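K.L.:
I have a structure here, written as structure tokens, and I will follow up with some questions on it.
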Amino acid sequence: MPVPASWPHLPSPFLLMTLLLGRLTGVAGEDELQVIQPEKSVSVAAGESATLRCAMTSLIPVGPIMWFRGAGAGRELIYNQKEGHFPRVTTVSELTKRNNLDFSISISNITPADAGTYYCVKFRKGSPDDVEFKSGAGTELSVRAKPSAPVVSGPAVRATPEHTVSFTCESHGFSPRDITLKWFKNGNELSDFQTNVDPAGDSVSYSIHSTARVVLTRGDVHSQVICEIAHITLQGDPLRGTANLSEAIRVPPTLEVTQQPMRAENQANVTCQVSNFYPRGLQLTWLENGNVSRTETASTLIENKDGTYNWMSWLLVNTCAHRDDVVLTCQVEHDGQQAVSKSYALEISAHQKEHGSDITHEAALAPTAPLLVALLLGPKLLLVVGVSAIYICWKQKA
């Protein structure tokens, strides 16, 4: 029997079996023709070409060869030896060559959508249509597709230390289904996470979705979570997606109000130290006995090694303007949250109170002084004026 030109590329058992079948059935007639697909499965990477092998044991009956993906009424025509245009499909051997029995094909630029079972089918020439005669057992084509770069997303709103936040990781378009996903925080592997691969059944490609739960600490401004994906299609290092905890954490400030020494006896300098807060956004208001004295927005900040910030504000108080003790309050609004505050009681010394009283007393007496002078000197002035008038009149008569 004739030997397919491309058979040297086929596995030896397949070649021997085909030759044996040909010798046993070479003159037995068309019912003995065998369609041989030697490979039950073929796996290629996306973008590569896939070779699907098929050989016949006889040229009888006369008729074309066709390739289909899938079986039954919904099968898809991949190649027709007789007619049609199939730009991605080429034949491995020269089909016009005399006594050719090799009907293997190659499909270029494979994508995950090409996955499936392919059947090599022999048709018998008929009128008006050819009739299916015999089909091969089928070759399952699986496509190895790389997963997309993992995308990590954090919580929509910030949370404070000691609270738990969730991070999600997604990757799509990979095949086969087997995949490994791990979570890390600052290089330490996490254990509190759940992962799903969809769909659950067979598919041309798959997606993975994982959610990790992370407990925040005050030192997490510089921390990072990593989603790591390993897959058979990846060469070298696994794929990684990252998220910064600085986008998820809010560290509330601590307040300390103190009085600083001053050279001037009638002035007091009170400071409000706002420490270890994150993010930057902060507004501070000073109140004197509950009344707003000044409001300012933090600008020049000092950054700590852990990524948090410090800021100091001061208030200069004229103690002479107060006869009683003053309650000074430092009120801080941070990152749009409810204001926090701390108060300081500024004591007015007895000397300052007495000094303030003297000033007030003198100021109260000052307007009455001219009146007292007028009351004391008035009669004497009137007497002098009267005597002067009499003397002038007597002088004129004389």
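The backbone N, Cα and C atoms fix where each Cβ goes, glycine too.
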K.L.:
What does Swiss-Prot give as the disulfide partner of CYS227, choosing from CYS169, CYS272?
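P.N.:
Between CYS227 and the options CYS169, CYS272, Swiss-Prot records the bond with CYS169.
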K.L.:
Pick from ASN109, ASN291: which does Swiss-Prot describe as N-linked glycosylation site?
P.N.:
ASN291
K.L.:
Any idea which of the glycosylation sites ASN244, ASN269, ASN291 has the thinnest Cβ neighbourhood at 10 Å?
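P.N.:
Selected from the glycosylation sites ASN244, ASN269, ASN291 on minimum Cβ neighbours within 10 Å: ASN291.
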K.L.:
Identify, in sequence order, the residues in the chain of CYS227 (disulfide bond) that are 6 or more apart from it along the sequence and have a CB within less than 8 Å of its CB; answer 'none' if there are none.
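P.N.:
Those within reach of CYS227 (disulfide bond), by Cβ under 8 Å and sequence separation of 6 or more, are PRO150, VAL152, PHE167, CYS169, LEU181, LYS182, TRP183, SER210, ALA212, ARG240, GLY241, THR242.
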K.L.:
To the nearest whole angstrom, what is the C-alpha distance linking ASN291 (N-linked glycosylation site) and CYS54 (disulfide bond)?
P.N.:
93
K.L.:
Averaging the per-residue pLDDT over the topological domain 'Cytoplasmic' (393-398), what integer do you get?
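P.N.:
Looking only at the topological domain 'Cytoplasmic' (393-398), pLDDT averages out to 52.
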